[in-house]
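Have a look at the structure below before the remarks.
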Amino acid sequence: MTVSTLTIRRPDDWHLHLRDGDMLRAVLPASASQYGRAIVMPNLRTPVTTAEAAVAYRERIESALPRNAAFRPMMTCYLCDTTDPAEVRAGFDGGAFAAAKLYPAGATTHAEYGVTSVDRIAGVLAVMQEIGMPLLVHGESTDPTVDVFDREANFLRTTLTQILASYPRLKVVLEHITTEEAADFVMRDASGRLAATITPQHLMFNRNAMFSGGIRPHYYCLPVLKREHHRQALRRAATSGSPAFFLGTDSAPHDTGAKESACGCAGIFSAPVALQAYLTVFEEERALHRFEAFASENGANFYGVPPNRQTMTFHRTPMQVTGHIDLPDGRRLQPFLAGETLPWSLASFSQEIAS
Ligand code: DOR
Ligand code: ZN
């Protein structure tokens, strides 16, 4: 039987890049109009490494919010070799930081100030474990001899295993997982302190999408899309009902000039369409009844915040995705699935419901 409407609690996006300045103003409405909260990534051109910088960035986001938006940005600390454990503790205790992000140095966009060796941040990780502050991990090995398609699996073996063993109570989110190895790794951990976010693109496409009829930069992100069996494993994980998997779009805008270039940037701007894309996947997997937990409950439980109190209703009415968004200086932004039609549309929000 085909379902024609679906009502869930308002979701949260547990992995989002909002950028700054004009780009922030262009992309924020798409997230703020749909999600209750988002974990905001700290990889700005000048990374967010202090509590003061996080509060200032949060204020810039809040002042760019559309009027009446009920959206709460949750800020993260960009970890460097030199990060001071006391700064992390004070930032978390004072509410500036909700979590800290581990980028292996050079792994991705603006990751050049990231961590060169986990040993360098031992003091920070010990404090995070003590205070219950989640560590968000970009899980890719940066060893240049490791094949780009093997970097996630390699990271699990070489680095994540070591982190989890050294800090047995540290809460960890393995961000944007892309492989069967990662899905199994998280599924096998029964402790409840390890979780993973999954993006819409890794659920919808395998690596062929990047090369169909030519090179397609709008399907390029990091970690890169993988083989079909990995996609199938991610779809099983997302729709399994396990509380360890939750929604994190990794929506990462770059203007079309930066994407369609001799050295195109990694990142897919999925915010306008991610919910409808996830819904399509859950429907295809006959798991619509598990969508609310994935989108609106598991992440909140992991982060220890209450689920949102509004509901959101989708109709099974086709929606055509915008072709592009104009930036003020003539640049353009192309969203994920631009021009395509998806089966679900966002219809309405309720007023607050009882928790
Ligand atoms: O594709 C990606 N884009 N992966 C990342 O890890 C970073 C992100 C960005 O900031 O553009
Ligand atoms: Zn990201």
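Placement of Cβ uses the backbone N, Cα and C atoms for every residue, glycine included.
What TrEMBL lists as domain 'Amidohydrolase-related' is 13-306.
What TrEMBL records for H15, H17, K101, D250 is Zn(2+) 1 binding site. The secondary structure of H15 (Zn(2+) 1 binding site), as reduced to three states from DSSP, is extended strand. A simple way to gauge crowding: the CB of H15 (Zn(2+) 1 binding site) has 25 other CB atoms within 10 angstroms, across all the protein chains here.
What TrEMBL records for H17, L18, R19, N43, H138, L222, H254, A266 is substrate binding site. In this view, L18 (substrate binding site) is surrounded by 24 other Cβ atoms within 10 Å of its Cβ, with every protein chain counted.
Sequence annotations record features per position, and here TrEMBL assigns N6-carboxylysine to K101. According to its DSSP assignment, K101 (Zn(2+) 1 binding site) is in a strand. The 10 Å shell around the Cβ of K101 (Zn(2+) 1 binding site) contains 27 further Cβ atoms across the protein chains shown.
Residues or ranges marked as Zn(2+) 2 binding site in TrEMBL: K101, H138, H176. If you take the C-beta of H138 (substrate binding site) and look for same-chain residues 6 or more apart in sequence within under 8 angstroms, you find K101, L102, Y103, P104, A107, T108, A111, G114, E175, H176.
The active site annotation in TrEMBL covers D250. D250 (Zn(2+) 1 binding site) falls outside any helix or strand according to DSSP and counts as coil.
For H17 (Zn(2+) 1 binding site), the same-chain residues lying six or more positions away in sequence with a CB closer than 8 A to its CB are V40, M41, N43, D250, S251, A252, P253, G267. Maximum C-alpha to C-alpha distance over the listed substrate-binding residues H17, L18, R19, N43, H138, L222, H254, A266 is 19 Å. In the shown protein chains, 21 other C-beta atoms lie within 10 A of the C-beta of N43 (substrate binding site).
Residues H17, N43, taken from the binding-site residues H17, N43, H176, are distinguished by a CB atom under 6 angstroms from ligand 1. Checking the binding-site residues N43, H138, L222, H254, A266 against ligand 2, none has a C-beta less than 6 Å from an atom of that molecule. For the pair H254 (substrate binding site) and H15 (Zn(2+) 1 binding site), the C-alpha distance works out to 16 angstrom.
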